[in-house]
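Features reported for this protein in TrEMBL:
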- 28-251: domain 'RNase H type-2' (DOMAIN)
- Asp34, Glu35, Asp142: divalent metal cation binding site (BINDING)
Amino acid sequence: MDLSELDRDSTGRCRLNSPVPAVCCKEPCALGVDEAGRGPVLGPMVYAICYCPLSRLADLEALKVADSKTLSESERDRLFVKMEEDGDFVGWALDVLSPNLISTSMLGRVKYNLNSLSHDTAIGLVQYALDQGVKVAQVFVDTVGPPETYQEQLQQHFPGIEVTVKAKADALYPVVSAASICAKVARDQAVKNWHFVEDLQGLDADYGSGYPNDPKTKAWLRKHVEPVFGFPQFVRFSWRTAQSILETEAEGVLWEDSPTGDQEGPGRIMSYFSKSPQTLPRLPHRYFQERGLESATTL
């Protein structure tokens with residue numbers, strides 16, 4: 001699996017895909033959707049689709065695909081290679097979302113939560129398969145949020161397709177299990193071979209599971225937080241665990257246009273992303289004060 005595009009630019013997203021089997025453009029297909037890496041504070045989140053003709057679902061099931069969380073890394077790698085070898089009837093596509101993309105989306109001026117990002121990514125991948133000529137007849141999705149609401153949303157986007165959204169779909173439908181394996185193999189490879197653009201002294205590659213409650217992961221975060229610039233791009237700085245470490249380990253920030261006088265010292269970095277009300281009036285920037293400019297409330 002070639003993730004060189006992510007190596008070149010680890011701040012955005014990249015898409016990978018297999019060739020589309022000719023049979024998938026001729027026969028009605030089932031398509032599964034799943035993700036890997038939704039919860040960790042480290043590394044990308046990967047969304048995947050896998051599809052095959054309805055007439056070949058038994059062949060896909062015969063590969064012994066299963067929920068990727070129940071398989072070892074070597075078993076996942078073996079099954080992915082097997083699906084590649086059976087490329088005459090199985091196709092897949094991935095969307096790899098970098099930690100930077102996830103965090104900037106969640107902390108942007110217009111909030112874009114993880115569920116919305118996940119839903120839109122899944123919709124984009126299904127549409128991608130359709131644009132490639134795949135005759136998608138059925139879509140099976142491992143739910144994010146309430147399955148009924150998610151299914152209704154997908155059904156509105158794809159009215160001519162039968163959509164099923166279930167919790168634990170990766171354990172119920174082989175085509176979702178296959179997507180789960182594709183996503184997990186890609187994330188494992190991305191994490192293992194992550195290209196750090198930052199010049200980190202004494203980089204420790206042992207960061208545990210990457211999940212926020214893992215003591216080893218927390219220790220890695222504390223070790224590699226930079227007091228001024230924060231975390232490497234490998235870290236989802238919008239996660240509460242990362243924010244807490246920034247609050248205690250990073251330097252305070254006093255902006256040039258911040259009020260002075262009775263202010264009790266500079267605020268912490270993450271305070272500028274919160275919606276908490278300001279207790280002190282904020283003066284406009286010096287540029288506006290020197291020119292006597294004021295905000296216009298009416299036109």
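Residue numbering: from 1, along the chain as shown.
Just so you know, glycine gets a Cβ as well, placed from its N, Cα and C.
On the structure: features taken from TrEMBL.
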residue	record	Cβ neighbours (10 Å)
Asp34	divalent metal cation binding site	28
Glu35	divalent metal cation binding site	24
Asp142	divalent metal cation binding site	26
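Using the Cβ center of Asp34, Glu35, Asp142 for divalent metal cation, the list of other same-chain residues with Cβ within 8 Å runs, in sequence order, Val33, Ala36, Tyr47, Ala48, Val141, Val144, Ala169, Asp170, Val176, Ala179, Ser180, Ala183.
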